[in-house]
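The feature disulfide bond is assigned by TrEMBL to CYS494-CYS504, CYS519-CYS528. Per TrEMBL, domain 'EGF-like' is recorded for 490-529. Marked as signal peptide by TrEMBL: 1-35. If you look up TrEMBL, you'll see 542-563, 627-646, 652-671, 687-708, 714-733 marked as transmembrane segment.
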Amino acid sequence: MGRAGTGTGGAAVAVAVAGPLLLLLLLARPPPGAAGDSQKGDVRLVSEQFSQSPQKLSFYSWYGSARLFHFRVPPDAVLLRWLLQVSWGSSPTCTNVEITVYFRYGAPPVINPLGTSFPANTSVQPSFFIKMLQSNASVNISHPAPGDWFVVAHLPPSSQKIEVKDFVPTCAYVFQPDMLVVRVVEVSVLEPDVPLPQNLLSHPSYLKIFVPKYTQELRLELQGCVSNGSLGCPVRLTVGSATLPSNFQKVLTCTGPTQACRLLLPSPPWDRWLQVTAKSLAGPHVSVAFSAVAALTACRVWNMNVQPLLPSSLNQSCNISTGLMSPSPSYQDQGRNSRLGNGPFCLMSYAVTREDVDVVSVRFRPLDRVLVLVQSDTPSVMQLYLNTGMDSGGSLTISLWANQSLITKNSWVVACVNAASPFLSFNTSLNCTTAFFQGYPLFLSASSREANLIIPYPETDTWYLSLQLVCPESPEECVEAVVFVESALSLVPCLHDCGPYGQCLLLRRHGYLYAGCSCKAGWRGWSCTDNSTAQTVAQQKAAALLLTLSNLLFLAPIAVSVYRSLLVEAAVYTYTMFFSTFYHACDQPGEAVLCILNYDTLQYCDFLGSGVSMWVTILCMARLKAALKYVLYLLGTLVFAMSLQLDRRGAWNTMGPCLFAFVVMVTMWVYRCGHRRQCYPTSWQRWVFYLLPGISMATVALAIYTSMMTSDNYYYTHSIWHMLLAGSAAFLLPPRDKHTEPWACSKKLTCHYQICKNHREELYTVT
């Protein structure tokens, strides 16, 4: 059963467990009346369905283990529904688990299932999510915002146990979301300052108004509202679209006896359509008539992108007609008191250059200048274009520095970071809230002249950085004050490249790229900065020494092999010891790292050496003829090389050949038992002092490798695995032949030249 988790969804969000039947019932109802004229017919509602291929869910360990789904909601949508379905097999290992599903508009959700800490100065909004306890659920959103929507799902946090692939039966949980959208195909356009008559009966009216760039304020008003010929305006006006995790829709309820009802929206979203829905509250069969009027207040912009404005050039002013900087002694007066046209300037605009550095990597720089002028009554605004559709997969970083000599003890530089439109109301409020967005505040003062902000996964939109000088205790100090602020603005895939204990990885979902940090050495968190479970440098070095020096125990089977004239086996053990040592030296995170070759090459050689070592040990115990034994050695090595290339971590890639070698060994032993009519090996000392200890060590090693390793004890259990594997090989190697001398590393040829020559001559002798 689906239930809402923590988060802010607003009244527009409803979570239910209904299926597609509810949507069919919704579409079966009579469509809403046409906006403005009920005699023209009803507004037609059309439904659209979008789906993506299902994905197998994983237990959560880092962001890459969560499954991301990317949808795009069309404009004029009045209802959005996600149908969430989970399927799993009928195996006894498959149980009903809790699946967490997150939703967000504009960017992937920023989630924290492990409860780790974020880097300093990181601003994260609570995510909206539901927890699925059954195989299906649904989420409804009325009047969703058009554009990118993201769904993320994962299983509960993973255990620390390291499981061998294909060895332990697992259950596959497959998750698939379907998006159903109901949208209006006919929407009335509300022109500025032009009354639009409306007549509500039992269905709402759908309107929309285009908000151009540099709009300072939007005023919506209902005029001449009459309900069945009587005064009053029982109308609910919903302005804006619903977003997650936060919903900033404005709802205006007009129930009073007055004929006028108005709503003021400061800093509405620029350069886009704004949805307006009017619904009657008078009950069924009661007609409500009114006229909707929208008024826009334009913002006069002072462009500051012509030439650098340095501290030595304070006596400059702006020529409005040409847009050029011209010398004038009344610089501050020009910015504050000029009332050409519609009034004073509402912002100083600084053009920003966008420099694409790499994938999900952008650098922003103010055009032709380093310093940004900040004064008391006109905000300085910079635009950051993050609307390419690929910018929401990184982290937006903002750093501000103020000149030490220009900020007084009673003055502050307040900065607001907002999406869609800038914050311009510094003189009345400092909460950085625009019409439909809660911004991120930054403060610079005499005691703190630097401020930083990190926004992981910023929404796809045009972002704005607004700055203004504020003197809350003595406003007169700010009248003539000017502060110059230096900024560093960038979009990075991972903050500080995930640090020394993490790796920044680019993840992909159907062409959409986003970044995440994979942490090591016990470090956790969004950028691998949470050290609550981290290993110290001493622990890292101790772990590295355990994993590397434990391979020196392979010197025992190497010495035994050489002593018993098993030179091929000795070469294989030497190869395994060498590459296992340096692979684990390279596999360590943080400080204790040594890589003599590429990591992937070292890993491949380590896996190959381990498999071939077991292969040659078992076949050597079979005591085959030399020619057959070496042929099997070579064929087995080639099979290992092929299988590891196909799937390096597959359990049966190693176990399969080893089982075949074991069958060959058992067959040969049984044959010798029947041929000699006594147990093979014949010596009880061989069984008690060699075979039983070797088999016991191999069994314990296999048990540790398959069922006892965890992320916490890996350094100890894997080191024990190395020692047991090497020790079992030393015990299980067969004794040398009776006619072979110890340490017979080099012997003379079995025939001298004369003998070989005579043998060759005999081949041509005709008898």
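The backbone N, Cα and C atoms fix where each Cβ goes, and this holds for glycine too.
A map of TrEMBL features onto the structure.
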residue: CYS494; record: disulfide bond; Cβ neighbours (10 Å): 24
residue: CYS504; record: disulfide bond; Cβ neighbours (10 Å): 19
residue: CYS519; record: disulfide bond; Cβ neighbours (10 Å): 24
residue: CYS528; record: disulfide bond; Cβ neighbours (10 Å): 29
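The DSSP breakdown of the domain 'EGF-like' (490-529) into helical (H, G, I), extended (E, B) and coil residues amounts to 4 helix, 20 strand, 16 coil. Contact between the transmembrane segment (542-563) and the transmembrane segment (714-733) is supported by 3 or more Cβ pairs under 8 Å, counting only residues 6 or more apart in sequence.
Same-chain residues lying 6+ beyond the ends of the domain 'EGF-like' (490-529) with a Cβ under 8 Å from its Cβ atoms: 52, 62-64, 68-70, 108, 110, 112, 114, 116-119, 122, 358-364, 386, 390-397, 454, 456-458, 535, 540, 588-591. Mean pLDDT for the domain 'EGF-like' (490-529) in this predicted model: 91. Nonlocal intrachain contacts for the transmembrane segment (627-646), taken as residues 6+ away from its ends with a CB within less than 8 angstroms of a stretch CB, comprise 568, 604, 607-608, 611-612, 615-616, 619-620, 653-654, 656-657, 661, 664.
Distance between Cα atoms for CYS504 (disulfide bond) and CYS519 (disulfide bond): 9 Å, as a whole number. On the backbone, the CA of CYS519 (disulfide bond) and the CA of CYS494 (disulfide bond) stand 12 Å apart.
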